[in-house]
Amino acid sequence: MLEQLDFLENRVIRVGAEAVIKEISWKGLRLVAKHRVPKRYRTAEIDERVRRSRTLHEAKILWHLSENGQPVPLVLFIDLANSIIYMQFLEGVELRSHQSPLRYAERLGEIVASMHSMDVVHGDLTLANILAGEDTGLWLVDFGLSAFNADLEEKAVDIHLLERSAASAFPDKSREFMHLFLRGYSRVVGREKTSEILEKVKEIRSRGRYVVRG
Amino acid sequence: MTIVLGIESTAHTFGVGVATDEGKILANIQKIYRPAKGGIHPREAAQHHAAKAAEALEEAFKTAGIKPSDIDAVAFSQGPGMGPCLRTGATVARTIATVLGKPLIGVNHGIAHIEIGKLVTGCGDPVVLYVAGGNTLITALINKRYRILGETLDIAAGNCLDSFGITAGIGPMPAPEIKAGEGDTIYELPYRVKGMDVSFSGILTAAEKLLQQGKPIPNVCLSLTETVYSMLTEVTERALAMLDRSSLLLVGGLARSRRLYNMLETMCRDRGARVYVVPDEYAGDNGAMIAWTGLLMLRCGATLPVEQSHVKPRMRIDEVEACWSS
C-alpha cells in the first residue's frame, strides 16, 4: 500500500483548478506528487470516477512519452484510490521566467515535433509548462489536458498556445523565439507538414478564442 | 431621457422590452410559443411571433406608459437563433424604426443575456457562464470583446436536458430537474470535458439508452443533471482560475436551475469567489435584455442601416466589439 511508503511532504509547488502539486521525498529521492483533489460540488460517485480516469490517462500519456524517449517526468507510482501521480522531480526554471529563452527554442521545436509525430498533443503548451535545465536540457510538464490520437487542429492549438504565451512573456523576443522553434519543428516533421500546421494555426488565430494564462 | 425598444425573437419567445438610460426596465412582455408536443418547429414559432407581435407591442407601450414616438431607437436580436424566428423579429423592428424614423440596432442575443445580468446583479468584471436551450459558453470581457473561453462542441446543455425530457415523456426543463429530486441512484454517463470545452451529445445518447433498458426515469434524470452540471461547474472553475477573477455571473435559461446554482456556489465558496445569478424574470429570453443592450450600443453609436440589418443565425458573441465597455 502506498500509505506505507513513507512519503515526506515538503512544500506545495502549484495549486491549479484541478490539482495540487507538491514536492515530496521518498527514501532520499525528490519526487513530485500531483494530487487531483476532491471537488465538493460534485456528487461523490461522479467526482471519484472523473479524478480516477484522468489520473490514469495522464499517467498513461507520461509513460508512453517516457518509453519513447521524450523529456517528461518519469512516473514512479500511481495512487488511483486517491488520484495521485508520484513522478520524478525535475530541476529547472519555467521557460517564461528564464533569462535566455531563445537558447531553448530550437530544441523545443524538435521535442514538440517528435511528440506530434506520435499523434500526442500536450493540450496546454504554455511557457509555464516547459522547464529549462542546465545547458539546453528541456522538460515538458503537466499533461492534464493532453491527448492521444490527436488531429491537425489539436497540434495547431499547441503551437498557437505556445506563440501566445511567448508573446506575453517576452514580447520583444517572441518572433525570433517562434522562428527558431519552427526551424527545430520542421527539421523533425519536414517542411510540408510544418506549413500545413501553420495554415491551421492561422485559422485558429482568426477565430480568436484560445486564451492563454499569463 | 433616452428610451430604447427591444425586440427578442430568436427561438420560442417573442419579447418586447423597454429600457431607459438610467438602467430602468419599463416593460418586459413575453409571448411564448409552446408546441403541443416535441421541440420547437422554427416555422411554427415564427408564425406564432408574427401573430402575437402587435399585441405584445401594444402591451409593452401600455406597461411602460409611453407612446411609440417617445422611443429613441429600436433594437432587435440579430442572432444567433432560428432563421425564421429571427427574420420575424427583424421585420417588426425594421418596420417600427422606418415608420418612426429612428435608428435600428442589431443586438447579439448572447451579449444581451450577459448585459442584463450585469445590470440587475451589479457584479463587476465577472467570468460569465451562459447556459440556455440553444447556447452554452463561458466568456469574459477582455479588451472590449467577450472572448469565448470555453463552449459546447456540439449541443447546448439546455438542449440536452430538454431533448431528454421530451424523449422520456416528462417534457422539457424544468421537468427533468424536478424528476431528478425523486432519484436515488447515479448511473455512469460520459463526462466530456476538454480543457474549457464541453460536449453533451454523447451523454444524451447514453441517457436515452438507459431509458430503453428500462431504468427508472428519476434515476436517469438525476444521473443526467448531476453529470451535466458538474461538467459546467468544472469548466467554469477553470476559467476563474485562468483569468484569476473572483466573480462569476450565471445567465441564460438554465440560470433558473437551483441545483446548477448550488454547485457553482459551492465551487465559488471553496475558492473565495462569489456567484451572481440573473433573476428568473430575466433568465429566459426576453425583450428587456435586447432593449438594455441596444441602449448601451446606442451610447457608442453602434446603429445599423436597414439595408445591412440582415439576421445572423450563427452569430458569435466574439464578433461584436463591446464599444460601450470601459
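Note that Cβ sites are derived from N, Cα and C of the backbone, with glycine treated the same way.
Annotated features, as they stand in TrEMBL:
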type	residues	note
BINDING	B:HIS109, B:HIS113, B:TYR130, B:ASP285	Fe cation binding site
BINDING	B:TYR130, B:VAL131, B:ALA132, B:GLY133, B:GLY134, B:ASP162, B:SER257	substrate binding site
DOMAIN	B:26-292	domain 'Gcp-like'
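Positions of the features from TrEMBL, shown on the structure.
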residue: B:HIS109; record: Fe cation binding site; Cβ within 10 Å: 28
residue: B:HIS113; record: Fe cation binding site; Cβ within 10 Å: 29
residue: B:TYR130; record: Fe cation binding site; Cβ within 10 Å: 28
residue: B:VAL131; record: substrate binding site; Cβ within 10 Å: 27
residue: B:ALA132; record: substrate binding site; Cβ within 10 Å: 25
residue: B:GLY133; record: substrate binding site; Cβ within 10 Å: 26
residue: B:GLY134; record: substrate binding site; Cβ within 10 Å: 21
residue: B:ASP162; record: substrate binding site; Cβ within 10 Å: 23
residue: B:SER257; record: substrate binding site; Cβ within 10 Å: 26
residue: B:ASP285; record: Fe cation binding site; Cβ within 10 Å: 27
Residues flanking the Fe cation site, with Cβ no more than 8 Å from the Cβ centroid of B:HIS109, B:HIS113, B:TYR130, B:ASP285 and excluding those residues themselves: B:THR10, B:GLY110, B:ALA112, B:ILE114, B:ALA132, B:ASN135, B:VAL251, B:GLY252, B:GLY253, B:MET289
Pairwise CA distance, B:VAL131 (substrate binding site) versus B:HIS109 (Fe cation binding site), rounded so that it is a whole Å: 12
Cα-to-Cα gap, B:TYR130 (Fe cation binding site) vs B:ASP162 (substrate binding site), nearest whole Å: 16
Nearest recorded site to B:GLY133 (substrate binding site) by CA-CA distance, among binding-site residues B:HIS109, B:HIS113, B:ASP285: B:ASP285
Maximum Cα-Cα separation (Å), residues B:TYR130, B:VAL131, B:ALA132, B:GLY133, B:GLY134, B:ASP162, B:SER257 listed as binding substrate: 16
Alpha-carbon spacing, B:ASP162 (substrate binding site) to B:HIS109 (Fe cation binding site), which is rounded to whole Å: 20
Where B:GLY133 (substrate binding site) sits in the secondary structure, as DSSP reduces it to three classes: coil
Whole-number Å value for how far B:HIS113 (Fe cation binding site) lies from B:SER257 (substrate binding site) (Cα to Cα): 16
Pairwise CA distance, B:ASP285 (Fe cation binding site) versus B:ALA132 (substrate binding site), rounded so that it is a whole Å: 9
Inter-residue C-alpha distance, B:HIS109 (Fe cation binding site) and B:GLY134 (substrate binding site) (nearest angstrom): 11
Pairwise Cα distance for B:HIS113 (Fe cation binding site)/B:ALA132 (substrate binding site) [Å, integer]: 10
